[in-house]
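Q: Next up is a structure, given as structure tokens.
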Amino acid sequence: MHRITILGATGSIGESTLDVVRRHADRYVVHALTAHRQVRKLADQCVEFRPARAVVGTAEAALELETLLRDAGVKTEVSHGEAALESVAADAQTDSVMAAIVGAAGLRPTLAAARAGKRVLLANKEALVMSGRIFMDAVREHGATLLPIDSEHNAIFQCLPADDPRYGRGVARVLLTASGGPFRTRDPATLHDISPDQACAHPNWVMGRKISVDSATMMNKGLEVIEAHWLFGAPAERIEVLIHPQSIVHSMVAYTDGSVLAQLGNPDMRTPIAYGLAYPERIDAGVTPLDLTVAGGLHFEKPDLVRFPCLGLAFDALRAGGVAPAALNAANEVAVEAFLGGTVRFTDIAGIVRQVLEATPQGPADTLEAVLSADALAREAAREGVAALAAKR
């Protein structure tokens, strides 16, 4: 039996992972589950899957979870805090770690899994955005296996040469597709009135609120560009973003002989999750098969960087290198949180990120301390930007 730990079990990726595991109880056993504060949902998962360990964010949440599990007769060991997250990610009793904690909070436990030589199913893009070189070095030095779970990077992985899924070997370009989000055709002059609920109403995918906003601004695609650079070794000028509203073609790889290989499928995260869990085999993911006669036309267009300035900022950060991507990510997390909380407007997000990038001192991202220091400075600068905008409203 293959033993799995899921970091971020109560989020959309975590729940989809458990759905795939549920379909293949003869192959997989859940060793550990983690969540930050959705204690009751985590308790329900523990009752069903009986993991050996569970980790939550705070002592209060741990006490609540222990009570719920004791009442249910479940003997899962409960712990809390960052150190417990890192411990469970590196646990010798687990084989694969699904890294699905959203944002910078997922960096340390994901890095711990890599350093423990685990099979890392990477759904947390921030680990590579913030500390790409550190993370990839850890994977190589400790013999970890890294499998991308983001639908786009999973698609690229499938389209690259199987024996060496890296840029080179006749690869001309990496083509990342993007739906364009809910505001692809909306008049840019009206975007300042967008509500959080409107921004979270993605036309094709079911996602959490933060990543839904990132999709609406296309910052999500910008972070994926940086992630693709580190995963596949592709330089910025060889990574291209195409808007594809149908979300059927998940990404493509163009080769020097004129060939373009694409991975297609219905928009359902269980497909890349199942691919990562079973690699190099294939298993049923529970996804409705794609019927191209029903899907209709497939359309592609270049992104409008006036409508989507966050995408351009991400390319700028990738080209700048060093701690710039960490600052980009930190500023975006603060700005999106402020937007979801009603403190700033949708159109303020890009401005806050740009201001922070311009103010962040440049430096190498060669140590985790340097990355986390840049992250902290960028968050403080972003909070100041949010406060200044809020004072004007």
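Note that the numbers count up from 1, one per residue, in the order the chain is shown.
Using the three backbone atoms N, Cα and C, a Cβ is placed for every residue, glycine included.
It should be emphasised that the depicted structure is a prediction, and the values quoted were computed from it without experimental measurement.
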Q: Can you match one of GLY208, GLY222, GLY233, GLY258 to the NADPH site that Swiss-Prot gives for THR10, GLY11, SER12, ILE13, ARG37, GLN38, ASN124, GLU126?
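A: Checking GLY208, GLY222, GLY233, GLY258 against Swiss-Prot: the NADPH site match is GLY208.
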Q: Besides ASP150, GLU152, which of GLU82, GLU86, GLU224 does Swiss-Prot list for that Mn(2+) site?
A: GLU224
Q: According to Swiss-Prot, LYS125, SER151, GLU152, HIS202, SER215, ASN220, LYS221, GLU224 bind 1-deoxy-D-xylulose 5-phosphate; which of SER131, SER179, SER195 is also listed for that site?
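A: Checking SER131, SER179, SER195 against Swiss-Prot: the 1-deoxy-D-xylulose 5-phosphate site match is SER179.
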Q: If you run the three-state DSSP split on LYS125 (1-deoxy-D-xylulose 5-phosphate binding site), which class comes out?
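A: DSSP assigns LYS125 (1-deoxy-D-xylulose 5-phosphate binding site) to coil.
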Q: Write out the long-range same-chain contacts of GLU224 (1-deoxy-D-xylulose 5-phosphate binding site), meaning residues 6 or more apart in sequence whose Cβ is under 8 Å from its Cβ.
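A: Those within reach of GLU224 (1-deoxy-D-xylulose 5-phosphate binding site), by Cβ under 8 Å and sequence separation of 6 or more, are LYS125, ASP150, GLU152, HIS153, LEU176.
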Q: Other residues near the Mn(2+) site, CB within 8 A of the CB centroid of ASP150, GLU152, GLU224?
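A: Other same-chain residues with Cβ inside the cutoff are LYS125, PRO148, SER151, HIS153, ASN154, LEU176, ASN220, LYS221, GLU227, ALA228, SER251.
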Q: According to DSSP, collapsed to three classes, what secondary structure does SER12 (NADPH binding site) have?
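A: Where SER12 (NADPH binding site) sits, the three-state DSSP reduction gives helix.
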Q: Around the Cβ of SER12 (NADPH binding site), how many other Cβ atoms lie within 10 Å? Please give the count over every shown protein chain.
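A: Its Cβ shell of radius 10 Å holds 18 other Cβ atoms.
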Q: Taking Cα atoms as reference points, which of the binding-site residues THR10, SER12, ARG37, ASN124, GLY208 is nearest to HIS202 (1-deoxy-D-xylulose 5-phosphate binding site)?
A: GLY208
Q: Measure from the Cα of ASN220 (1-deoxy-D-xylulose 5-phosphate binding site) to the Cα of every one of the binding-site residues THR10, SER12, ARG37, GLY208, then give the nearest.
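A: Considering only the listed binding-site residues, the nearest one is GLY208.
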